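**Student:** Have a look at this one.
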Amino acid sequence: MGVTAGVRGVGPRVGAGSEWCLPGQSRRGLSLPVLPSRMQRWPVVLFLAWVCFLFFAGIGLFMSGFLLTRIELASSSSCSDPLVPPPWERQSLPPGSCWAPQRFSKAVLVIIDALHFEFARFDPAKASPLPYENKLGVLHQLATSQPRHARLYRFRADPPTATMQRIKGLTTGSLPTFIDVGSNFASYAIQEDNLLAQLVQNGRRVVFMGDDTWEGLFPKKFFRSYFFPSFNVKDLHTVDDGILQHLYPTVDSGEWDVLIAHFLGVDHCGHKHGPDHPEMAKKLTQMNEMLRSLVDHLGNDTLLLVAGDHGMTETGDHGGDSEKEVNAALFVYSRAPLFGSGPPEEPETIPQVNLVPTVALLLGVPIPYSNIGEVMAELFAGDGDAVSAALQQLSVYHINAKQVDRFLQSYSLVAQDLPAEQLQHLQELFSSAVEEHTQLLTQVQGTTVPPELEPRLGSLISRFQHYLREARAVCTQSWARFHPLRMVGGCILIASSCLLCYMASELATSSQSFCRSCLLYPLFWGPVGAALLWLVHVFTQEGLDLLLVSSWAAAASQLGFFWHWWGQHLKRARLTGSQPPLASGGLRQRLRAWLGLAFPMGILFFRCGAMFSDSFVVAEARVAPFLLASLVMLLVGKLHWDGRLTVPEAVPAGLAGDVASREAPLGWSEIWYLLCLVAMFLVCVRLSSFFHQCREEIPQCRPSVFLSPLASLKNTRAKNLFYLLCVALLAGLVYAVQSWLRHYGNLNSSGPLVLFVRWGFPLVVLCIACYWAVASSADDSLGKLQELVQVAVVVFPRAVYGLASVGLLLLLCNPMTVFAKDTRESAGSIVTPYLGVPGSEVDFLHVIPQIYKRMQESQKSRLERGSCRATVAAYGLGSVYSAALVIALTLLGFLLMLLHSERLSFAFLLLFLEAFVLLHIHTCARGLAGDAELFSVPWYAVISWLLAASQFFYSTGHQPIFPAIHWNAAFVGFHLDHSTNLLPAVLVGANTFASHILFAVGCPLLLLWPFVCEMSSSQRKKPKKESREELQEVEEHMMEMRLRESPEQFSTALLRLGLKYLFVLGAQLLACVCAAMILRRHLMVWKVFAPKFLFESLGFVVSSICLLLGISLVMRVDCAVSTWFSQLRLR
């Protein structure tokens, strides 16, 4: 069989891999036919990049309308504001007081990060408490021995329960919005009026020590500061020990008015070990001793506040809105009496924002302008009787209500999103309460209240409380100001991009003509649309929104594409209008194709429709594997329905010749092979369910034990056993990859990449194994060994990063894994001259054996080559594209396994095994179905590939919720704090979207794998008895070199595959976007739908970029193959 590329396929010899023979015409040189034109690479990559840009623009536009931050007012409170109520408005306040008399001159705020209420509660009845229970005994001792001086509260945090958002709430008295979660580790300075700004503005000295997050939020606000790195969640002691080093000397010096100490050890211990761990008991005991010593150093004029910014789940995580995450603790203490009565039986629950107005008025500074919290009135009771205490509380409530009313009026003028009827109702509540308070004070003589007015005091306090709580509820409900036009625009842009992908994937027949013609119009209309929008902004003198310009350019380029397509469609319709209608056979074939498309598309649409149900989103970890298994079973059912899984009956002898001339009938071997693959696939799907993470909405769920690191295991024998199994899995993966490459002849070369695969892969495994060994025993080492372990924990991951980078660089520079063997016979003498003493007999005895040996070698070479007069044999050329992808996926797999806990290597092994089985199922199904379109990947293969990516997102211990993010990944190989946020974001993102990365990079294998498997499938169909000539023709396998026969079809196939992949990704993204938009007022929008949208958007971005990288790698290999052929011709 002649090939335009000048190659003929020869089946692999045992242990030699695939061998390719290049025919020559003479013994002296190599003469090859003309090589085909190269693949059109740049048009394909540019077209796919443009489609990705369309989706990115739609995501950004929708996100700008859905996740808007609330408007922050630039106004700030001051002492001159007319908010002072009677009777203080008619008399001068004490020195250093604003709005209300100052009760304390100093305050110490101790923030114990993640101090759950159960950590602070003390229950003497518990004989065997858990590690986190009954450890803060000093709080219980102070509260019981001095009930009027100390009290414990349930301190309820507002979601999201990330540290930065809680600091904002604790200092501004406002509610951070959902989108602020994204900036949790990229904190921006708070511009809104806040408690620290008021303290500094009124001449108070604020000293801070602890979490360096405060440095970014409040730059240049501290009189003195001691910041310590906070992002390393594995470090339990650096921050806490640094604070303790400076805490007591600072308190004793007296050079401060407000001291803030933010401890992180409890939070980091929860992240690393969970609350139910002996390390948590040690850390809480340390905090208990710290508080006991701190109380002894306080003066009578000092207020002590011990608070947790949020709680933690059973696994030590936080960020969401579950009861365990929002339930923190607050402890208030002073040497001077604080409360007029004893504590209630059950601790009172107060919102965290209530701390801001309370501390502000106690210290005699104005309440921050945007506060919506309610003062803790019991702290203003004083030492007087109940009537005087009520009057004091009414005064601070009056100030608080005036401040909140002023903020609501100002905010409603700027934002105009608070419901008018609710604002009117709040105004009526406020006016009536203030008016009654004013009337009441006119009837009061000093602090003497007539008996008939005493019942009105309690009622009036309740009315102020009702107003403040109603105002906070209105703000909570209306805080997220949606932008409907931007949301609709984003939905339309994403939907039209999906339509474009589908149309282009079905219409693209020539990548060169299609891409160039269809890219020309978008590249012209996109800048034109952006320029028009820019001119509008110039004439209107408005600020230019880059996101809006990008979206406008994307929409204009889309219109250009559809306009061009519609014109071409009308032209084709006119040309084909005179042709007769489709024959019945063509119509039947088209209906069959549509029915075949209905099964995978039905699965995809069902998955997209499930995005509108919070129950399905919560249970998606079980839904995705079910849909994937259903799609594979439907494929088998369709093959059976079409009669492809039945063996035909015996053929009569007289018709044997006719049957032989037709397509060979399928035997039981192919059918059983497919069924075995399906059974293996179902086993992989079932086993993957053992590596799941739990959501708070499923209380009966228990997270997989495989998610926790080996260091958390207390049983040394179990730890060692799991460690050996994990290392064995790594070694098995390397062995499997090397065996596959060796089988197809891609390990015969001596090039740098092949040498790296031979020796670099085992070295990477060794480094990962050493890292796992030291990381799992880091807590058990002591003394100098501890220092050595800390170094090793950093060195080994960096060695893996370095080795993997070298491997990827070698793959990029020279991806050829082909060994060319020159078998041409020498044109010179067939004997070597005799250099000994001249003599005819000696010469004769020397020459004859050489001639005989040479004749033997020549005859043997001819017999082995048969009819192929090969002069150059190329081993591994038939799988050169797939080999590069397999090597790249293996290197990425090593990196991603390093970023996960050790026992999740089991999940990654299942991932690779299931992907391998899916590729073989796809290849076998196409062979059984007799699919002649080798250059087209069917929809069911693309959808099943993406469903597998979603399945392993959950099977690697992830969930689309913020508490489930593996923040530990940011510190694999980095012991100290990061200097920038880019690197930890990349590491955490790679950990979270590991399955998306692997399946997107490996997507071209869906196109390549049937060509790679051509050899093995042909060998299974090989007849037993054939002549040498017939056998030679059967064994000629082009494999992936068939793609080089038609480079135009090859590039078009890659383009269509990429467009199909983006269509399926875009359809899932569109479903999430529509669900978030339609259900934006749903009760579960911020708990379920908004996080799902964010994770789906980020997953789309990661998958699309990795898809471009995978296709670009295939094109880089094709470029190297073309260069290799060119160099071979010059020999």
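Cβ atoms are placed via backbone N, Cα and C, with glycine included.
Residues annotated as transmembrane segment in TrEMBL: 44-68, 487-507, 519-539, 591-612, 624-641, 671-692, 753-776, 788-811, 872-898, 937-954, 1061-1079, 1099-1125 (among others).
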**Student:** Rank 44-68, 624-641, 753-776, 872-898, 937-954 by Cβ pairs under 8 Å to the transmembrane segment (487-507) and hand me the top one.
**Tutor:** 44-68
**Student:** Considering only Cβ pairs under 8 Å, which range in 671-692, 788-811, 937-954 makes the most contacts with the transmembrane segment (753-776)?
**Tutor:** 788-811
**Student:** Which bits of the chain, at least 6 residues beyond where the transmembrane segment (788-811) starts or stops, bring a Cβ under 8 A of a Cβ in it?
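**Tutor:** For the transmembrane segment (788-811), the sequence-distant neighbours (Cβ-Cβ under 8 Å, at least 6 residues beyond its ends) are 752-753, 756-757, 760, 763-764, 767-768, 770-771, 774-775, 777-778, 781, 884, 887-888, 891-892, 894-895, 898, 972-975, 1113.
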**Student:** Where else in the chain does the transmembrane segment (671-692) make close Cβ contacts, counting only residues six or more beyond its ends and a cut-off under 8 Å?
**Tutor:** 621-622, 625, 628-629, 632-633, 636, 639, 645, 647, 701, 703-704, 706-707, 904, 906-907, 910-911, 913-914, 917-918, 920-921, 924-925, 928, 951-952, 954-957, 1020
**Student:** Quick one: do the transmembrane segment (1061-1079) and the transmembrane segment (44-68) reach 3+ CB pairs under 8 Å, ignoring pairs fewer than 6 apart in sequence?
**Tutor:** yes
**Student:** Which one of these stretches, 624-641, 872-898, 937-954, 1099-1125, has the most C-beta pairs shorter than 8 Å to the transmembrane segment (44-68)?
**Tutor:** 1099-1125
